[in-house]
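Visitor: What follows is a structure written as structure tokens; I'll ask about it next.
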């Protein structure tokens, strides 16, 4: 599947399975962390929490935990699938119970963006970016800015795209590794920007100049990769079947339609690459929209104490976790990881053909389910009587 050396293939395949098992294990740990520990709302390291967000009274130990509710409020929220937590369900802080430093622990600061982020960026690149910055000190440097890192990884992506277009499988694999380095640098520039703004955890600063610069650089990097994919497939058109070997020595007439046939192959390559590009655009647009919507709905602080408890209730619901997990595997970063894996395994054309139509169906289903959840959650938090009748 991966190359002529069976030993290397077995090692790489084993590493892939171990990585998948690690992702599943971390997802289970993330689910348990969300349900068993308080959700920290203070995302700024130098800002104290408002009283309405910390909890209903200072005598209670759980900061940022789910609020209590009386039996009457449970009955008024009968439109939801489960009842609200009671006052006795105050939850401890995760920071006080984990043995891994929250500086590198991806489960420590749980935010909307962290839950919607793909597994590789959340569990691997984000902690690695933190450790790399702790050693090199980019966030403490006044010379290097996050935007400089963003522009630099565009150059890395261009080099990766050039290698991906190569006829050599070894160079294409090197291009895959370079593009993953670009993804790591993308995590690094976000980490440096958040550290300088004293923001803990993953969070999108929507509307800032850095947000748009980072988006522009990410788009340019994806374009470089897609161009490399197109030129590789154009120069190495996939075979449609086995060549027919003549049984006699008689010379066959030369084919007269070679040029039109090559044009048809190029058009087919272009259609598949354009189809995948459309999926990346659709996934990126929807994913960034839902990060903005959920951040505004679940992490805003200009709400009443009752609404704050309902925000925590929605955040901890299994329905929201399922919606978020769905986007972890269909967002633009996950799609890029899949196409990079197909390039590394020399299965690029098979992947593009398999996802040409099914990818759109999966994305549309994910969008419809997410829109339904958003409408239900917004109505529950801001419009229903369940939140207004919670007994604090």
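Quick reminder: no glycine exception, Cβ is built from N, Cα and C everywhere.
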Visitor: State the residue range annotated as region 'Disordered' by Swiss-Prot; the candidates are 26-58, 59-91.
Guide: 59-91
Visitor: Are residue 204 and residue 111 co-located with respect to the membrane, according to Swiss-Prot's topological domains?
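Guide: Taking the topological domain names from Swiss-Prot at face value, residue 111 sits across the membrane from residue 204.
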Visitor: When Swiss-Prot marks a stretch as transmembrane segment, which of 141-161, 162-182, 183-203 is it?
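Guide: Based on what Swiss-Prot states, transmembrane segment spans 141-161.
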Visitor: Looking at the candidate ranges 213-233, 234-254, report the one that Swiss-Prot labels transmembrane segment.
Guide: 213-233
Visitor: Could you tell me whether the transmembrane segment (141-161) and the transmembrane segment (320-340) are in contact, taking contact to mean 3+ Cβ pairs under 8 Å with a sequence separation of 6 or more?
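Guide: Result for the transmembrane segment (320-340) with the transmembrane segment (141-161) is no.
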Visitor: Which sequence positions outside the transmembrane segment (11-31), separated from its termini by at least 6 residues, show Cβ-Cβ distances below 8 Å to it?
Guide: 1-2, 106-107, 110, 115, 119, 123, 321, 325
Visitor: Can you count helix, strand and coil residues in the topological domain 'Lumenal' (162-212) using DSSP?
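Guide: So the topological domain 'Lumenal' (162-212) is made up of 35 helix, 1 strand, 15 coil.
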